[in-house]
């Protein structure tokens with residue numbers, strides 16, 4: 001669109017660009033109709049709903065001019081808009097928590113695959129602790145609540161077309177657990193050619209040459225998909241009032257009774273419709289989205305929205321001290337209202353991709369937390385770091401499988417035997433990126449109770465009952481192999497090349 005200005009008088013530029021936008025939109029609608037013509041029955045109806053959502057997103061994408069934030073208008077949130085967790089937790093809980101819990105639904109974002117960890121299928125089906133998968137642990141947590149308080153907290157999984165079939169097969173194993181499990185699917189949107197801005201799909205199918213031309217449009221799609229599925233209305237009819245949403249790979253995201261009580265005990269006129277759990281930034285979190293005050297509203301600022309000149313300022317731990325954990329508590333009634341008013345406002349994330357054949361495409365996405373500015377009386381709660389325990393890499397997996405954490409009723413908590421509440425920094429090299437490779441390199445998971453920092457690079461294996469303390473760096477040079485013998489205790493050591501052990 002930038003190349004269209006040549007020979008056009010300045011006065012007519014805006015009008016000319018508007019005509020071009022309309023032509024693009026008309027072409028997009030025509031292409032989507034062609035794709036729908038290749039669908040039949042239920043598939044056609046579902047795709048039409050998906051495409052209606054995509055048309056709205058594409059329309060907004062064409063309207064966007066320049067960066068989505070004006071940097072001088074960014075302010076720190078007012079003191080009372082981000083509450084310390086200790087203040088929330090100081091309020092006494094009622095004798096009966098059943099009433100509050102019966103208003104709650106737990107929603108897990110389950111659209112992702114385990115490809116980044118070398119696994120096929122849904123990430124939620126990877127074993128993380130004692131043969132339990134992410135999904136197993138989630139079910140155990142909710143079942144424990146329902147048994148302890150005699151309640152009916154259901155679990156809802158937002159699947160994507162990538163994970164739905166495999167997830168539904170595995171759900172049969174939970175039939176006799178005391179948890180009702182529902183699923184709904186994220187939308188399926190078409191990837192668009194970077195140059196023509198039209199879909200690269202040739203028909204509605206998902207096999208053959210069409211295998212990689214579709215995508216799930218980010219977790220911001222939860223609002224429309226949840227509403228369109230009919231499940232939102234069903235849960236409201238059953239008396240549910242709030243959802244607790246989190247990524248299924250965040251093992252710290254358990255139902256917190258103090259936050260729930262804070263939500264349901266607000267006076268009617270000041271009911272908080274949206275709570276975002278934030279936690280203090282460390283150097284590892286500098287790219288995480290943060291809460292700001294913008295146009296008198298609490299708003300999520302993501303690094304992709306930051307003008308290049310201000311990226312270093314955004315990453316500063318002193319100016320922006322907190323980041324979004326993506327643990328969110330949201331009013332079901334408010335979601336319904338905003339969807340019906342078409343008032344859910346989320347910034348568009350433009351995600352460039354290159355397909356296997358080399359074609360450059362873009363996919364338009366949104367993030368669930370970005371909708372915070374659309375809700376009334378939104379609030380941030382600064383929670384302990386323990387509520388943010390994501391497993392994104394095999395290095396994270398090593399931490400949660402170790403004796404740093406104890407497991408009870410599906411919940412992981414830092415072991416009381418560890419003197420410092422901080423999590424060690426673990427960096428495993430490229431020989432450990434896939435779960436299967438990682439498993440063959442550890443005869444048993446080392447004792448890490450006193451570990452501060454671990455770096456492992458190259459061809460390294462660990463025997464049984466190895467203990468790692470302080471700072472441990474193990475580097476096998478190219479062509480070398482290091483086998484750490486069973487029973488070894490490494491404390492503040494550098495191990496290199498031919499297994500020389502040096503004091504660090």
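Yeah, the Cβs are placed from backbone N, Cα and C, and that goes for glycine too.
Over in TrEMBL, the protein carries these features:
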- 123, 186, 218, 249, 392: UTP binding site (BINDING)
- 219: substrate binding site (BINDING)
Packing count at residue 249 (UTP binding site) (other Cβ atoms within 10 Å of its Cβ): 23
Maximal Cα-Cα distance (Å) across residues annotated as binding UTP, namely 123, 186, 218, 249, 392: 21
Lowest local Cβ density (other Cβ within 10 Å) among binding-site residues: 123, 219, 392: 392
From 123, 186, 249, 392: binding-site residues whose CA lies within 10 A of the residue listed as 'substrate binding site': 186
Under 8 Å by Cβ from residue 186 (UTP binding site), counting only residues of that chain that are 6 or more apart: 111, 158, 159, 160, 161, 216, 217, 219, 221, 222, 225
Spatial neighbours, same chain, of residue 218 (UTP binding site) - Cβ under 8 Å, 6+ residues apart: 349, 365, 366, 367, 368
